[in-house]
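For reference, Swiss-Prot has these:
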type	residues	note
ACT_SITE	Cys186	active site, thioimidate intermediate
BINDING	108-131, 216-239	NADP(+) binding site
BINDING	Gly181, Gly183	K(+) binding site
Amino acid sequence: MRIEEDLKLGFKDVLFRPKRSTLSSRSQVELHREFRFRHTQTSWRGVPIIAANMDTVGTFAMAKALASFDVMTAIHKHYTEQEWQTFVQNSSDPLLQYCMVSTGTSNNDFLKLQRILALSPALRFICVDVANGYSEHFADFVKIVRETFPQHVICAGNVVTGEMVEELILSGADIVKVGIGPGSVCTTRVKTGVGYPQLSAIIECADAAHGLGGQIVGDGGCTCPGDVAKAFGGGADFVMLGGMLAAHEESGGNKFERDGKTFMRFYGMSSSTAMEQHAGGIAHYRASEGKTVELPFRGPVSATIQDILGGVRSTCTYVGAAKLKELTKRTTFIRVSEQENPVYGQE
């Protein structure tokens, strides 16, 4: 047994230190980024935010809505091949450029992935997603995916430490997904005692990835636009959002009424709700590591995305970053014991 003494930080532990700026308006900030990926040597340009590959977030409807903002969606893995075929037939190539095809690591998952990617060459992104990215089996699976799809961009995770980021990049991942337990409907940290504060995970994993020419996506833990900006400031190339994009018109799931108000259900992908829906129940050797919540219906996602992008632009003006790419270079975090004045409660 050993203990690491240095303190690890989450988004709530810091604020940006403001700095002199030559920017006169938020409209001058460029949020688009262009990335060149290590293994494929191909490029992608867009706003580097990704809707999470969850049943009630990463939907086809969400992909259509977010693509208009040049924002990416990781489509959840539970759509059938027929549903994918219909979506591809009714979608333009530019829309498909903002979609990731998600997969698990079973043989059936791999065969399904092959058939989906064969539907269109515009499907360039693969998201290989497991809760625990530390197994040898996972790294071996990433190698197989890389060998099979040499021209596709692979995003793989989840991990939270530099050495495993390096392992996955060397195994064939272009982008590594970072985060264990920070999500709003994730209970892994409570159920298992395992995790890593998200901001420190991003800072450490970004350093490891960038040294090898890879990228990371900070997955989870964001509760407001300021957290998204902090993830970028900490070095995340992409930021993945679940709860912040849940309960919208495009989120999937059923709306229901209570006391004259409209709600939608949102649940973690390791929750009992998800396992009952997709695996027929919780296996005897498993425990639920997610929760199910009922959220007030928020309407179309466009207003939420505009609020997030506006917040990040404002962050950039406060620290003097004319481009999102510059934000991490302009970032100085200060440790704090408070984030906001709570006298009137949450907004």
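The backbone N, Cα and C atoms fix where each Cβ goes, glycine too.
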By Cα-Cα distance, the member of binding-site residues Asn108, Gln114, Ser120, Ile216, Cys222 nearest Gly183 (K(+) binding site): Cys222
Listed recorded positions (Ile126, Cys186, Ile216, Cys222, Val228), ranked by Cβ neighbours within 10 Å, top entry: Ile216
Neighbour-count leader, CB within 10 A, binding-site residues: Asn108, Gln114, Ser120: Ser120
Rounded inter-Cα distance in Å - Cys186 (active site, thioimidate intermediate), Ser120 (NADP(+) binding site): 33
Number of other Cβ atoms within 10 Å of the Cβ of Gly234 (NADP(+) binding site) across all protein chains: 26
Euclidean distance between Cα atoms of Gly181 (K(+) binding site) and Ile216 (NADP(+) binding site), Å: 17
Residue among binding-site residues Gly181, Gly183 with least C-beta crowding, 10 angstrom cut-off: Gly181
